[in-house]
Amino acid sequence: WGLLLLAAALGAMAATRCPAPCICDNLRAHVLCLNGNLTAIPDTIPELTRKLDLRGNSFMVIPAGAFLATPYLTHLDLQRCKVERLQEGAFRGLGRLVYLNLASNGIAFLYQESLDGLFSLQQLILEGNRIEEIQLGAFGHLGSLTVLDLRANALVYLPDMVFQGLQVLRWLRLSHNALHVLGSEAFAALPALRRLSLDHNELQALPGEALARLDGATRLDLGHNPITYVAEEALAMASLRHLFLDHAALQNVAPDAFARSPQLRILDLRENQLQGLPPLAGAGGLVRVSLDGNPLLCSCLLRPFHKWLARARVQAEGACAAPPALRGRSLNSLKSPEMRCSHLRPPPSPTAPPEQPSSAGSRQCPQGCVCSPDFHHGSCENRDLQEIPQDFPEDTRLLDLRQNPFGTVPPDAFPGLKQLVSLHLQQCSIRVLHPGALRGLESLVYLYLTDNHLSTLVAAAFEGAPQLAYLNLDHNAFTRVPAGTFRLLPNLISLHLQHNAIGELVEGDLAGARGLRWLYLAGNAIRHIAPAALAPTKMLEKLQLERNHLSEVPTAALRGLPALSELKLSRNPIKHMGDGVFLPVASSLQHLYLDNMGLEHISPHAFTGLGPKIRSLYLESNKMRNIPDMSNFTGLEILNLQDVPFHCDCQLLPFHRWINKLNLCVGATCGSPAEAQGLKVKLSTTFQTCPGWGQGKAGETNPNKTKAASKPSKKKRLGKSPAKGFSKSRA
């Protein structure tokens, strides 16, 4: 009966029409719709599909109930689909799903019901989005999740209990964010966690109080954070075995820093600023300490540590940087008499950062609002309030005042909220932010003013909020960037000014925004960017200018941006691209978006300077018929050339050969001549009449074979799949 049921199910699936342009493997119940122009989830996907791969499409929004027609899905891949929003209930009905990949999209928020219904999910990949904040309860329905990947997002702050509900989570990946504030109970709801990755963030001190909740964690990655000092008993993790503090800014470590982590075996302190270490008496279980890349001063001051290594039988990796007579000598080769102290002053004693005062806060709450003492949250969302309420508890950290018709934010609007981190004022009909409006909000990191009526701002409005890092002004009425506004915001990292009416960027607009990393200007009317307009933002990493009115690449404005890694120019009316237009950012650029521009001509030297660092290049939906040499783009992971009418003649032969060697799905199609129209560039036979075709084919197979002999090997190569699944058939 089981076999009969399986046969019937497969028969039903086979009878279901496969939606274009997808590929259906009925035997394995897999459907692939790769790198297409889908803007909505196909509604004709076979009901019994188990694995659905939708990478490289353009969905923008995943609506509620998008997958109700495919309840048997176990694996869903939505990478690189330009998703910006997950509606509440987007994945309802997917109770069997165990793997969900949403990497490399544009998701900014995780709301409470965004992931509802995924109670069997085991792996959730959200790497490479722009998630700035996670609402409490977002993961509350994911009771089976074991791996949560939030790498390479825009997180600055983790509130208390943010991961509540993840009872079996074993690995939490938070690398490559901008975290510098962690609630003391941020990790309190993770009883099964074994590995925590916090490397490549902005933590300036070891977050000992938050980490103390992780009794079962065995590995902690804290490398690449600007931590300067590890205080006494700073780390109390009962099961910790591997601690990585490499590439930080450590200058001193207290002798008892790890006394409350008795299982610690491996301590990685590579590439810091340590001149030495004291005997780590409290870390009795240590087996290895890595100190490579530190400026170790092998004087008498290092003798106690050296003797402790021998006595505790701890292996040390590292070499002396001074004195000159011992430079380059490994620690293990030293003998105590060699470590002398003539004319040396001891380094100054370290001092721990001052402890932050804590306050329980009073428990009052304004009438009509809800205050959560457990989460330190206050909410008056959509209460039709005319004035901003006061008297919230002093320990409130998130305040949600969305959808109230306030009109203005007066001076001193939020008294007593010194611990407030996140303030939501979206859809509040705000026209004016008065000077002193945020006065006293000394811990504020996030400010959301989306969907209001602001047309101007003054710097004095931000007086008293020096920690502000994220400012969202999308969907307002700005006709220009409010010049000088950011001079009181030294910690501003992310600025959203999308979907306004800004016509140009001029010199002085961004004055004071010295630490800005991400600038979002999509959906404006920008026609011109002055050469010095971006000059203050020397740390800028992402610049998003899609859907504007630029008619050329703003090359002059890109000078002086040595860290720029992502540039989006999609949907600007740029018809021609001249020589060296990306030269100012060629040494740092990794992701370049040039799609949907109506681009007609690219100069042969337009990509001069770009090369192995480029990881993704989007050129789909343009009008050029040829393309420059990209043979030095050896680091490409994504190349999208769909809907480009390539002229498949002999001038395109080098490109044809190059993409045939790529292990990528590029989607390049011939637009002409007539006999090749609609064929994949990789498969077109028009190149076989070109001079040198035989030599090229011989070079790709066997140099001793003739042109005729090489043809069978071509068929053999085309039959191979260079990647998993069906990606070759979509190439």
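Glycine residues also receive a Cβ, built from the backbone N, Cα and C atoms like all the rest.
Here the structure is a predicted model, which means the values were calculated and not measured.
Residues or ranges marked as domain 'LRRNT' in TrEMBL: 17-51 (among others). Looking only at the domain 'LRRNT' (17-51), the predicted model's pLDDT averages out at 88.
Taken from TrEMBL, the feature domain 'LRRCT' applies to 294-342 (among others).
Sequence annotations record features per position, and here TrEMBL assigns region 'Disordered' to 337-363 (among others).
What TrEMBL lists as compositional bias 'Pro residues' is 345-356.
Annotation source TrEMBL lists domain 'LRRNT' at 364-398 (among others). For the domain 'LRRNT' (364-398), the residues of the chain that approach it from at least six positions outside its boundaries are 136, 159-161, 183, 404-407, 409-410, 413-422, 424, 443, judged by C-beta separation under 8 angstroms.
Sorting each residue of the domain 'LRRCT' (645-691) by its DSSP state yields 19 helix, 8 strand, 20 coil. Among the features that TrEMBL reports, domain 'LRRCT' is placed at 645-691 (among others).
The region 'Disordered' feature in TrEMBL is assigned to 692-731 (among others).
For the domain 'LRRNT' (364-398), the DSSP counts in helix, strand and coil order read 0 helix, 7 strand, 28 coil. Under DSSP, residues within the domain 'LRRCT' (294-342) fall into helix, strand and coil as 22 helix, 10 strand, 17 coil. Broken down by DSSP into helix, strand and coil, the domain 'LRRNT' (17-51) contains 0 helix, 7 strand, 28 coil.
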